[in-house]
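Marked as thiamine diphosphate binding site by TrEMBL: A:65, A:832, A:855, A:977, A:978, A:979, A:980, A:1006, A:1007, A:1008, A:1009, A:1010, A:1011. Taken from TrEMBL, the feature [4Fe-4S] cluster 2 binding site covers A:707, A:753, A:756, A:759. The domain '4Fe-4S ferredoxin-type' annotation in TrEMBL covers A:688-717, A:744-774. What TrEMBL lists as site 'Important for catalytic activity' is A:32, A:65, A:115, A:1011.
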């Protein structure tokens, strides 16, 4: 007898649960939003969880999705039950192998959390553009529309593939389904066993490559037989739909949940039918059923099996009464007749009418449209708009729904107030900060409601684009009926604002429906809070008659040792007010869930949370709402009124979660955006900011150098410019030999600072009478915000140092250069961004940057704003992200263009020399651009050239004018993380380095895939724990620098700014100056190391002093001078590796989890350090000047 | 062959050389090697409640940090099966040690809260420890706290633990009490079976280059023996409990001095960390040789023989000692 339980989990876990149990080999690679399936598999494997056959699946991380697909192919060929998980571009990388796997009729399942493909922009969110790109591979395609379906159809896919011998791509909507938490009935081991036919497993094994009975596969075929051989598979594809339906029927007998290839729901006599797949189908179906109850003859067909496309099954599913069909695609195929599902349906119905299989005689009117790209909301209102459109005499074809297309006018209007929500469903919206634990608490709440009450429950979580100070919005639904509403809540019964400051800038009460509860975390009590609310909030509360509660969660958290984490406190309030459970039971359940979630982390954590729960209710108050709006202030605008038009009109709405309202015309047509926009997004996330004490400061510039956010800056200027300075603006006599008689100021951007305090840590100047005080000290931000804003604005009016005016070979001088990378949304205290800032200071005005996908492309290019900036002349880094895997090649392309067009410009110059005059031409051709003044002079010559060209009649003058800028020296910087450089992009990186071209590669080495949540890369050091290396990595870090050095002509440097800022600076200058390929590997401390980010620089020092991160420069120029090119810049290891490693959670957690293994790995890691250090020492000691003598 | 046996906390010991709390007892193998080398008992490394709490909170902090903030990286670490935060490993080690060695195993505990002291003490008893050493350490920095209050806290603590556990209790003290005999007597009457004198603390140093306070742990030298030696000599016979001398025990002669002053056992760690566990057997050899040379039959014979009440000139242990030391200085060296 099968025993099933209800669990409250997300789509990824629901799918991984099945896939893991039905596989023997799992090849994985992280990519959002599918990573969690690989992570679950790796974790279960590390915990020795067996599969259905009692053996623990082998889970292997590959270097890319292409690699994963290759490994899957190989494992299948040798007889293992094999699976993998992926999405988006990752799926595209699998396509070559997918053709092979399908061509060889191999049973396999790839589970895809369908995600948008990168086109004009990357998007991590969901649509079907990735899976649609796989239509021709020969994979069967099975679509799930909800968490329960994803769980069920995962099993159906694994079962059906064995019988059909057609491999399956099982997909469900990225984020909307992969990350939605739902109460589902979990399949039992017995269910899985009942569905898998052991004979078919044996048959799969029997087809495997085996030297005991050898065969050959993967032949090369010729025109004589390839075609015929390709047609042999037809019977399998013809049979596959029946196999799937048979499997679905068997599943239905087992579980009671019946699925069909094409699922019809709605009026039996429907005249208007929508055909759709994925989570949108659930919305469409619920809406159709609602409209049926209003008497409308509508229906919906959900497509489950999209490939092989069974026209027969589709025709059978359609009601004979249908007069109009709308096919909705969650993808876009520019230039096509229509999107793929639409064209398939049109073809099927045409064929059906022709062959008489259609249930109707007359061709229904057919329209197609797009919806939901990149997880764009798809709501009942939009479904209704489609049904309404179908009623029209001339319905719009090839429409879009969900956006306003004011360019090609393709969009359907919809009434946003249309709602089908069931009155028995309770809807709740919570606004929190990423760091306050709101989402975690809500996930627990959903589990409690789902598993401890009879209610069905659903949770979905929205995050903003920043990694520090980010806003989260949790959407929770629960009630006695299943929650089939895969869209956000806009009219909630309960709205909670967990951070008071949000009210200043976000419209939160708009989510509340009349009579709803509004819970606010407020330092102001019930009697005083009213006066601190903006007018708009007061107005809404009164108008909607909201029941208004306040809690001072900060105080409770402070008193109970919770710090900034107010999660359990707000959760307790939610349960207390919502009454979903009796209070006492709710508190008991919260405590149970606290123990379950945190128990492993120790009793102290559990007790701290318990105390917070117990202290909460005494601080929760209902506010007596006044009848009148009394507030004297309004919500502040997203950006200052003097911001540029594009920022105000386009970027500002995105900053306040109103980007959905922007029409098509607001968006650039080709994905091109202005830079220097982060300066307008004043986020005010720091509770404390540094304050400068000029009397202690030694003007070393170290604080400016290490600031990850470019919010602390220094300038040296003419004292006369201080006229008109704000009263509190500080300055002191500048101590720069080259700049006598000047003043010096260090100024902080108060509203952009994240409060990470790295500057304070880096500051070497201590007060002699009170050593705890430095030249920089953290002070609370709010009291000085206004004053420092004024000071900052004045500071910006002071001129920047002119490049070339002062040598930048020292940190102190280099930090006078203006950063052209500022105010990024990276984690507070990020270890990567200081390197980018340095790059931007030194070369920003003449650099083109190719940025691999990863953290740096996210904080560098995730809308709404970008930290890449411009100098006073309007110059600055030009930046682009292509993909994850191709970044080195992408950057090489930049170089090739710069070189080629530079060459072409020089050719044209020579050709036009008679008209232009030899002085100008010679100057341009022979310019020394090795220094900044040299470059500046060349720019002036180019300006003169452009001017001169205006009067040249030769047609080549136009060509030269267009390429004249290429005569100015440009640098190419290729930037990315270790996941790119060591793994997925390594092949390309190797080739680009080998090319000998003048490119500079900066590897921001965090030793894990930071952006996707800390999966191991080949850069991960031995003994560190990471996802996909849950037992601690057992092999040493790949020595990328050594590999590059092997070429002999690649400049290689290994740097750690926290250990030696001067060596870092020198390496950047040398790399840029070197005319060949350069590689800088930069130690980047990271939140994924589990360190106190404030101590990131200290960790860098310890890394170097322990020898695990030796500093060196390998400069091929030295070989020409007869010198050894390798210079080791750090001293012999002086501290034990443990002193460095055990400051970091990634190493420590292994000690806690498995001390013996931790000890063993640490011992081996010490040996790694020793061996490598010895090798470097020997390499650095080799005599290079003896070479000639030998000859 | 002289008789080296002694008793401590009611335990019969084959000799007075006991391994005090140190990293050596962090591993079963270390405890076994101590026994093999001849140690008559082993005091386990200290279980610090504060450290457990800190590790728990720190792990929680770092595992939570940055999570559920950005859609692509909702967590940064895998969820491991267990983290061994808590006393379980410590208790397990006691349990295993009791099965592997025949010498008594003495638990050592440093608590923070009353609840913590009592709970962990009981767990150590349940794990099979033969006795428990309470490693009491509270550095007062608040001028409002009086010495009497602090002492009262110590006494209460012993009383609370005593009420909950049956195994013998020893209290390890620092030397910084104005009236040590009074405190010692009160601790004994609160239920302490023995006093361990004295705890050594890490004394931070100042780095005048970096202007930072730097932690500094120095291993003891024989010179440090004199402080506990004096106080055991004073307390012996005055306070009804056993004494363990710890700090500065490096040689057989050091152990013999401890015995003569009135200690039941001498505990050592620095010597073993510096010169190896094998030093125990050498020390025992040195003791035996000395006792044979001077015709001592047993440790019992010399126990307390040079305590304050048994010496000819008791005042030598008091202020006069200081005066004499001053006079013995070479004046020339002062200039």
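Each residue, glycine too, has its Cβ placed from N, Cα and C.
Whatever TrEMBL says is automated annotation, not expert-curated.
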Q: Just report the maximum Cα pair distance in Å for the recorded thiamine diphosphate binders A:65, A:832, A:855, A:977, A:978, A:979, A:980, A:1006, A:1007, A:1008, A:1009, A:1010, A:1011, no decimals.
A: 25
Q) Which one is closest to residue A:978 (thiamine diphosphate binding site) in space, judged by CA to CA distance, out of the recorded positions A:32, A:115, A:707, A:756, A:759? A) A:32
Q | Inter-residue C-alpha distance, residue A:756 ([4Fe-4S] cluster 2 binding site) and residue A:855 (thiamine diphosphate binding site) (nearest angstrom) | A | 18
Q) With a radius of 8 angstroms around the mean position of the C-beta atoms of A:707, A:753, A:756, A:759, what other residues of the same chain does the [4Fe-4S] cluster 2 site pick up? A) A:689, A:690, A:703, A:706, A:708, A:709, A:711, A:712, A:748, A:754, A:755, A:757, A:758, A:829
**Q.** Listed recorded positions (A:32, A:65, A:759, A:980, A:1009, A:1011) that sit near chain B [CB under 8 A]
**A.** A:32, A:1011
Q) Want to know which binding-site residues, from A:65, A:707, A:753, A:980, are within 10 Å of residue A:115 (site 'Important for catalytic activity') at Cα; which are they? A) none
Q.
Distance check, please: Cα of residue A:753 ([4Fe-4S] cluster 2 binding site) against Cα of residue A:855 (thiamine diphosphate binding site), rounded to an integer number of angstrom.
A. 19
**Q.** Between residue A:707 ([4Fe-4S] cluster 2 binding site) and residue A:980 (thiamine diphosphate binding site): CA-CA distance (Å)
**A.** 25
Q.
In the three-state scheme derived from DSSP, which category covers residue A:1009 (thiamine diphosphate binding site)?
A. strand
Q. Reported in the order helix, strand, coil, what are the DSSP residue counts of the domain '4Fe-4S ferredoxin-type' (A:744-774)?
A. 5 helix, 12 strand, 14 coil
Q: Report, as a single number, how many Cβ atoms besides its own are within 10 Å of the Cβ of residue A:115 (site 'Important for catalytic activity').
A: 33
Q.
What whole-number Å value do you get for the CA-CA distance of residue A:759 ([4Fe-4S] cluster 2 binding site) and residue A:855 (thiamine diphosphate binding site)?
A. 22
Q: Could you check which of the binding-site residues (A:707, A:1009, A:1011) sits closest to residue A:32 (site 'Important for catalytic activity'), going Cα to Cα?
A: A:1011
Q | Residues satisfying Cβ distance under 8 Å from residue A:65 (thiamine diphosphate binding site), sequence separation of at least 6 | A | A:29, A:31, A:84, A:86, A:89, A:90, A:91, A:93, A:94
Q. Which residues in the same chain, at least 6 apart in sequence, have a Cβ under 8 Å from the Cβ of residue A:707 ([4Fe-4S] cluster 2 binding site)?
A. A:758, A:759, A:834, A:837
Q: Work out, from DSSP, the number of helix, strand and coil residues along the domain '4Fe-4S ferredoxin-type' (A:688-717).
A: 5 helix, 11 strand, 14 coil
(Q) At a 10 Å cut-off from the C-beta of residue A:1009 (thiamine diphosphate binding site), count the other C-beta atoms across all protein chains. (A) 33
Q: Among all chains shown, work out which of the binding-site residues A:753, A:756, A:759, A:855 has the most CB atoms within 10 A of its CB.
A: A:855
Q) If you average pLDDT over the domain '4Fe-4S ferredoxin-type' (A:744-774), what do you get? A) 96
**Q.** Cβ contacts of residue A:1011 (thiamine diphosphate binding site) (under 8 Å, same chain, 6 or more positions away)
**A.** A:853, A:854, A:855, A:858, A:977, A:979
Q.
I'd like the number of other C-beta atoms within 10 A of the C-beta of residue A:978 (thiamine diphosphate binding site), please.
A. 26
Q. Just counting, how many other CB atoms are there within 10 A of the CB of residue A:32 (site 'Important for catalytic activity')?
A. 26
